[in-house]
There are 2 protein chains.
Amino acid sequence: MTKFEIDRSLVVRIMDDLSRYGSDGGTGITRTVYSPAWVEATDAYARWVEDAGFAARRDAVGNVWARLEGATDGPCVVSGSHIDSQTPGGRFDGTLGAVAALVAIRTLKEQAGTPRVPVEAVALCEEESSRFPAAGLWGSRAITGRIAEDDLVSVRDFDDIAIGDAMRAVGLDPARILEARRDDIDAFVELHIEQGPILEQAGFPVAIVKAITGIRHYQVVLEGTQNHAGAFPMDLRRDPMAGFAEIASGLIDTAHRWGRPAVSTVGRVAVSPNGTAVIPERVTFTVDARHPDPDSFHRLCRTHEAHMLEVAARRDLAIRWRTLIQFEPSPSDPAIVEALTTAAAIQGVPHLVMASGAAHDTQQMAQIARTAMVFVRSKDGRSHTPEEYSSLDDIVAGIEVLTAGLHRLAYRGESA
Amino acid sequence: MTKFEIDRSLVVRIMDDLSRYGSDGGTGITRTVYSPAWVEATDAYARWVEDAGFAARRDAVGNVWARLEGATDGPCVVSGSHIDSQTPGGRFDGTLGAVAALVAIRTLKEQAGTPRVPVEAVALCEEESSRFPAAGLWGSRAITGRIAEDDLVSVRDFDDIAIGDAMRAVGLDPARILEARRDDIDAFVELHIEQGPILEQAGFPVAIVKAITGIRHYQVVLEGTQNHAGAFPMDLRRDPMAGFAEIASGLIDTAHRWGRPAVSTVGRVAVSPNGTAVIPERVTFTVDARHPDPDSFHRLCRTHEAHMLEVAARRDLAIRWRTLIQFEPSPSDPAIVEALTTAAAIQGVPHLVMASGAAHDTQQMAQIARTAMVFVRSKDGRSHTPEEYSSLDDIVAGIEVLTAGLHRLAYRGESA
């Protein structure tokens, strides 16, 4: 029963170093893919890979890899997360998982020797869509071979720069992007901050993620008749604001009554013409609906759609919507969840088993590998803000679970 | 029992002429105060005043007056409305009342001779706040002496031009603005399009307005805690969108249940940060609450405020608001309403007696005179749009009531 010791000061040194690149005041980080700060951060990650005694390999899309060779060639076990950030985000979202993976394989090499199959750590180039709104997990999509040639031109940043041109500007050749594809990965395990309050509320430092939520984003347009706010009696109005308010209340109430882990959010609203004394003509809004169980996810979406149609029909409003994104729920691999749970028990780390309500690179990696995740407690459940924070104790607990879990997968034959 | 005949072709000629100034495609009019189109329209109105055999007088703020002298000097009876427009508005809102007043005093002169007291027609310079958001009934405010010296500098248009400078640019001297003040007006009667569907729904061409609604505009800020739309469970959220939806539904429902003439509208919403996958931190919205009865108006506002406070407290949201505008209800003078009602009966014009849900110059004029209004049916209840329309038959019916009503006030001693 191997128990691993994590070098706390190494974790601090790498995290502190990486927080310098894209520093955006205080604890803020603005580090979008293919920006100068991103180049510096990937260079720094590569230096830490080499400091750990591995060769740093950059693939065609800019992911940085470290490989602990195994007794056989594979299929291998991989861990990692993304190195880009929100604008500004904090120091932990993504970066912690890339660092944890590197610390884990260094620890394995030093404390467990050569694995049965190779174990790799990766800093993924892009996950946040914070520079290219349609990037869509660019780093992991390159690994799974899901980037179409057209994406290199059609995916553009807020200055209308094509992502292919942004790659060229940092020395990457977009024509070689297919070379980033991997077909030799058996298992992918991502460590990430929770980004929610569940661990903090429950009093646990770490969770094993049993599924990643399904997500559907609707953009809904609700239309009535614009009229004078004073001269038009209530009983003759076709007021889309009244319909919107009823719909938003209903969607939120439905998810609330379903209970965890169902969530639904109305985050974005635009009113036309948006005048104080004008009954609106149109209210456009988004609905974000999530559930990690496939059947429940589709039932939640159907319930919301039925509610929207019913309110619009009853109020004589026109309604239409389109789906902006849809990610199906991604259940974790039961054997990996079992390996991580056992690892946590061996390391003596108290843990929950829970679903992820956020999207992650792991969802993309699930297309080519068995997957699971490790969550580390977030202070106040915050993320996508400079205030996001996870304590060193919790981080080390998470890396212990990750390390011991990777050990079970790559050394003990629990892989494949 | 004098019965007046209105010259239909004169009405058509003046309305058609005025619709040329500020023409904005089809039936649209964009004619903001002190703009070149406004100068042309006031010049044209002055020509029609002189064509009717009156001297055109421009006051210090740019209102254009015509005066039918009486056997005595006053106090006089005045009718009129504003000549500026929304951007774009239509041909009828405001302009019709200025034209109706001129046609009425020309008809009185030709068909009833010299009145006991003077009768005046006025084209008021500004009512829509469509160029200067804080103009606040600039034309009638000058007449009632409610313009402060500071307003000349602080009231600014969307290009940051002070209204005093805009006056100078069209040859008016802002230093003389106090000269526009009148203290010799006994009665003011404004003809205006209804801007709502009540006459059309009830099948009447004309209404006598017994009161103008009280209006309060709130700007409300509702704040919760911004969080990740996926990772934050429903039961731990402080979601201001949920609170906003409940408040908007409640306000609208309250006014609906009270029934006519209570109205309440949420016309303007801004969400921060307004992201699809982000539980908002803040929803800012407006509430427009109206009732023409003073007690009911204040009770409606108190009911809305209690509802907003209750929802915010129950949902642990921070709430604050400020009042953007507040106009107290303005009841019409019973004697003038009686005179107009009798006038409508004599002219054989079917009519309702109703409250105005819209604000009007008449509310300002009520500070120095007894007031009432005449409404003309609006097609589909539309206004503030190029599509606003009133038929010539309805317009002539309205001018008949106005003319006969002014006759009762200025000739028959029903004034003062």
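For all residues, glycine too, the Cβ spot is worked out from N, Cα and C.
Features as listed in TrEMBL:
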BINDING   A:His82, A:Asp93, A:His192  Zn(2+) 1 binding site
BINDING   A:Asp93, A:Glu128, A:His384  Zn(2+) 2 binding site
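Inclusion criterion for the binding-site residues A:His82, A:Asp93, A:His192: a C-alpha placed within 10 angstroms of the C-alpha of A:His384 (Zn(2+) 2 binding site); this criterion is met by A:Asp93.
Spacing of A:Asp93 (Zn(2+) 1 binding site) relative to A:Glu128 (Zn(2+) 2 binding site) is 10 Å (Cα to Cα, whole number). Over all protein chains present, the Cβ of A:His82 (Zn(2+) 1 binding site) has 27 other Cβ atoms lying within 10 Å. Using a Cβ-Cβ cut-off of under 8 Å to chain B, the binding-site residues A:His82, A:Asp93, A:Glu128, A:His192, A:His384 reduce to A:His384. According to its DSSP assignment, A:His82 (Zn(2+) 1 binding site) is in a strand. Fewest other C-beta atoms within 10 angstroms, among the binding-site residues A:Asp93, A:Glu128, are seen around A:Glu128.
On its own chain, A:His192 (Zn(2+) 1 binding site) has A:Ser81, A:Asp93, A:Gly94, A:Leu96, A:Gly97, A:His360, A:Met373, A:Val374, A:Phe375, A:Val376 as residues at least 6 apart in sequence with a Cβ closer than 8 Å to its own Cβ. In this structure, the C-alpha atom of A:Glu128 (Zn(2+) 2 binding site) lies 8 angstrom from that of A:His82 (Zn(2+) 1 binding site). The DSSP secondary structure for A:His192 (Zn(2+) 1 binding site) is strand.
Following the DSSP three-state reduction, the secondary structure of A:His384 (Zn(2+) 2 binding site) is coil.
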